[in-house]
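Engineer: Below are the structure tokens for one structure; questions will follow.
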Amino acid sequence: MPPPALVLLLGFLCHVAIAGRTCPKPDELPFSTVVPLKRTYEPGEQIVFSCQPGYVSRGGIRRFTCPLTGLWPINTLKCMPRVCPFAGILENGTVRYTTFEYPNTISFSCHTGFYLKGASSAKCTEEGKWSPDLPVCAPITCPPPPIPKFASLSVYKPLAGNNSFYGSKAVFKCLPHHAMFGNDTVTCTEHGNWTQLPECREVRCPFPSRPDNGFVNHPANPVLYYKDTATFGCHETYSLDGPEEVECSKFGNWSAQPSCKASCKLSIKRATVIYEGERVAIQNKFKNGMLHGQKVSFFCKHKEKKCSYTEDAQCIDGTIEIPKCFKEHSSLAFWKTDASDVKPC
């Protein structure tokens, strides 16, 4: 008969073999939950893996039973993120993204001339849908531009709906007698409005003054307005200093104030000078005198170097200063060499 202690040991081992070992807490599976979740499980107990919201199961099995060995079977189940519909193309815009999987967010922007109609970003939801809905890039348009007072449109080509696209231009012109202040061209901006409008103002000019020793002609109207013109002239032996025609400017004054300048009488009877790049006889070219503003170059002798150089003289309102270095020779002094005939320095 075996000892009592041995009998008890054999009975315990038989109980363990029949009862089996407990299973530990299962290994974590990314993006999943286990029901029920405990520290240990008795042989025969079942657990169920399920993927968290936003994830779907791929491969493997979801339900496991704790075996007598106390070792869970290898779990090949994978929980993969849901994939939202492709959204990588936005007409007339740009999409910035890494992937289209849950829970990623993508952002949107539009090209120049278009605005975002909808949200600037969207998130891939648990259901595999974009939230909020994907936006579109709509063209920026401007309504017809307001027309300033005393102005009209000279260039304007709207769309069929009488609107204009971003970047479109409109050009204004002022009514007669009115001057424009500001840019005559406005542009449809990215904000859906037009750049600053110009202003048209009525402009009047005083009657132009008659210059001394001259005359002025202008329209025989009681009032002279913007863009009206006047012409000036001078009496004999006087020349006009300034433009012959002047215009009433947008600032209410004349574009210029010409005057009449006296011509110069020459005391020199005989000399060769340079006028407008050519050698001329002053007694022939300017026998009636030099007009205001005309300029000549006189020849002078350099005594030490025995060569010639030139100095300028200009008629200024009836006065001309002859260079001191110039020496006029009498026609009888035929033996003297004129400075104009000496080699240049």
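Just so it is clear, glycine is given a Cβ too, placed from its N, Cα and C backbone atoms.
Okay, so Swiss-Prot annotates it like this:
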DISULFID  C23-C66  disulfide bond
DISULFID  C51-C79  disulfide bond
DISULFID  C84-C124  disulfide bond
DISULFID  C110-C137  disulfide bond
DISULFID  C142-C188  disulfide bond
DISULFID  C174-C200  disulfide bond
DISULFID  C205-C248  disulfide bond
DISULFID  C234-C260  disulfide bond
DISULFID  C264-C315  disulfide bond
DISULFID  C300-C325  disulfide bond
DISULFID  C307-C345  disulfide bond
DOMAIN    21-81  domain 'Sushi 1'
DOMAIN    82-139  domain 'Sushi 2'
DOMAIN    140-202  domain 'Sushi 3'
DOMAIN    203-262  domain 'Sushi 4'
CARBOHYD  T33  O-linked glycosylation site
CARBOHYD  N92  N-linked glycosylation site
CARBOHYD  N162  N-linked glycosylation site
CARBOHYD  N183  N-linked glycosylation site
CARBOHYD  N193  N-linked glycosylation site
CARBOHYD  N253  N-linked glycosylation site
REGION    263-345  region 'Sushi-like'
SIGNAL    1-19  signal peptide
Engineer: Taking Cα-Cα distance, which of the recorded positions C66, C110, N183, C264, C345 are within 10 Å of N193 (N-linked glycosylation site)?
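Structural biologist: Within 10 Å of N193 (N-linked glycosylation site): none of them.
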Engineer: Enter the number of other CB atoms within 10 angstroms of the CB of C307 (disulfide bond).
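Structural biologist: Counting Cβ neighbours of C307 (disulfide bond) within 10 Å gives 13.
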Engineer: From the Cα of C264 (disulfide bond) across to the Cα of C66 (disulfide bond), what is the distance in angstrom?
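Structural biologist: For C66 (disulfide bond) versus C264 (disulfide bond), the Cα atoms are 128 Å apart.
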Engineer: Tell me the Cβ contacts of N253 (N-linked glycosylation site) under 8 Å, same chain only and six or more apart in sequence, or just say none.
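Structural biologist: When sequence neighbours closer than 6 are ignored, N253 (N-linked glycosylation site) has C205, P206 within Cβ distance under 8 Å.
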Engineer: Under DSSP, the region 'Sushi-like' (263-345) has how many residues in helix, strand and coil?
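Structural biologist: Tallying H, G and I as helix, E and B as strand, the rest coil: 7 helix, 29 strand, 47 coil.
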Engineer: Taking C79, C315 as the disulfide-bonded residues to compare, which has the smallest set of other Cβ atoms within 10 Å?
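Structural biologist: Checked C79, C315; of these disulfide-bonded residues, fewest Cβ neighbours within 10 Å: C79.
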Engineer: If you average pLDDT over the domain 'Sushi 3' (140-202), what do you get?
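Structural biologist: Summarising the domain 'Sushi 3' (140-202) by its mean pLDDT gives 96.
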Engineer: Helix, strand, coil: count each for the residues of the domain 'Sushi 2' (82-139), based on DSSP.
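Structural biologist: Summed by class, the stretch gives 0 helix, 26 strand, 32 coil.
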Engineer: Around the C-beta of C137 (disulfide bond), how many further C-beta atoms are within 10 angstroms, looking at every protein chain?
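Structural biologist: Counting Cβ neighbours of C137 (disulfide bond) within 10 Å gives 20.
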Engineer: Which of these recorded positions is closest to C264 (disulfide bond) if you go by CA atoms: C79, C110, C142, N162, C307?
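Structural biologist: Nearest in space to C264 (disulfide bond), counting only the recorded positions, is C307.
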Engineer: Minimum Cβ neighbour count within 10 Å among the disulfide-bonded residues C84, C174, C205, C260, C325: which residue?
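Structural biologist: Among the disulfide-bonded residues C84, C174, C205, C260, C325, the lowest count of other Cβ atoms within 10 Å belongs to C325.
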Engineer: Here are the glycosylation sites: T33, N92, N162, N183. Which has the lowest count of other Cβ atoms within 10 Å?
Structural biologist: N162
Engineer: Where does C174 (disulfide bond) sit in DSSP terms: helix, strand, or coil?
Structural biologist: strand
Engineer: For C248 (disulfide bond), what residues in its own chain, 6 or more apart in sequence, show a Cβ-Cβ distance under 8 Å?
Structural biologist: V203, R204, C205, L224, Y225, Y226, K227, D228, T229, W254, S255
